[in-house]
Amino acid sequence: MTRPIVADISAAALRHNVAVVREHAPRARIMAAVKANAYGHGVTLCAPVLAEAGVDAFAVASLEEAEALHALGLERPICLLGGPFDADEVSVAAERAYLLVIHEQRQLQWLETRAADAALRLFIKVDTGMHRLGFAPERLPALFAALQRHPRWEVLGLMSHLARSDTPDDPFNRQQAGVFADAIAHVGHVTAGQHSLANSGGVLALPFTHQYWVRPGLMLYGLSPFAGRRGSEIGLQPVLSWRSAVVAIRELGPGDWLGYGAAWQAPARCRVGVVAAGYGDGYPRHLGCGAPVTVAGQTTRTLARVSMDMLFVDLTAVEADIGAPVVLMGAGGPPLESLAAELGTISYEMSCRMQMRVPRRLVS
């Protein structure tokens, strides 16, 4: 018998969320972020659905991710958001016609060494205030003068990243957009005009950041980029439903101890279900003892400590037997955003926690 844990990935929800992007940014092209295995959801399942839904390009974090995506044969441009990490990657990227985001001088030296006469399509990353990656705006004129020595290198546009789009009212968003606009004014005329600034928060709440490309990530998977708000509250549909089942039931008497460390003691007679899911699957260990979980369509809570492969749920008030369905998080269960808040983290991290040993299954 197969271990019952599975991550159901909703094709309908993916299509719906792409439509939400179109609604908010109708004139922009969509570069769908599918890095980190589509934020944990499974790139081999999600990317074909996103392509069918009409996204115009994909964005990944590494050459390895680009190669895995390329193997799917989706005929969409693939953008390496971090550009090449060494000179050897330049040759592969040039052969595959990947879009490269260039953010520092060393990468330009690699291009000169390995692809001086190759046809390349580039974005230039501008540091608009986040101070993570990108060229300072004052360096752009000299940079573009050097780029123009290579007529087969096409600079598609400028790219930058919003640091506080999760708080749309923060004035830093307009400050960054202003720096970006100034950079476009100075060097945009020597690009193809395909600039990009907006991430999910920008798409949903900051229309002044919409350029030729928008780069939604988290929202495609139905998750909210805004603290204190769920995706369902802003018109999105959760793509993930992380499911398992009850594999054993224990009847505890008053004073009986449960789990590792005997960390939980039954205050009265109770019924406990053992679920096939644990921190080895990516379910957070710190969600033991009190986190919401759905069993047989009813909300209950976890008990005691989460083990590597199993966790406990309270079935005292739940009509459920061995084999009863369990939704750990996502559609049909606790919202992932709520569990992330309970842990003091963000939904990005929560969605990326799920391990590869959890099978992903596309459902329509």
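These residue numbers are counts, starting from 1, taken along the chain as shown.
Glycine residues also receive a Cβ, built from the backbone N, Cα and C atoms like all the rest.
Under the heading active site, proton acceptor, Swiss-Prot lists K35, Y260, citing sequence analysis as support. Under the heading substrate binding site, Swiss-Prot lists R132, M308, citing sequence analysis as support. The feature N6-(pyridoxal phosphate)lysine is assigned by Swiss-Prot to K35.
Cα to Cα, M308 (substrate binding site) and Y260 (active site, proton acceptor) are separated by 11 Å.
K35 (active site, proton acceptor) and R132 (substrate binding site) are 18 Å apart (CA-CA, integer value). Within 10 Å of the C-beta atom of Y260 (active site, proton acceptor) sit 12 other C-beta atoms, taking all shown protein chains into account. A simple way to gauge crowding: the CB of R132 (substrate binding site) has 10 other CB atoms within 10 angstroms, across all the protein chains here.
In this structure, the CA atom of K35 (active site, proton acceptor) is 36 Å away from the CA atom of Y260 (active site, proton acceptor).
The recorded positions examined here are K35, M308; by Cβ neighbour count within 10 Å, the least packed of them is M308.
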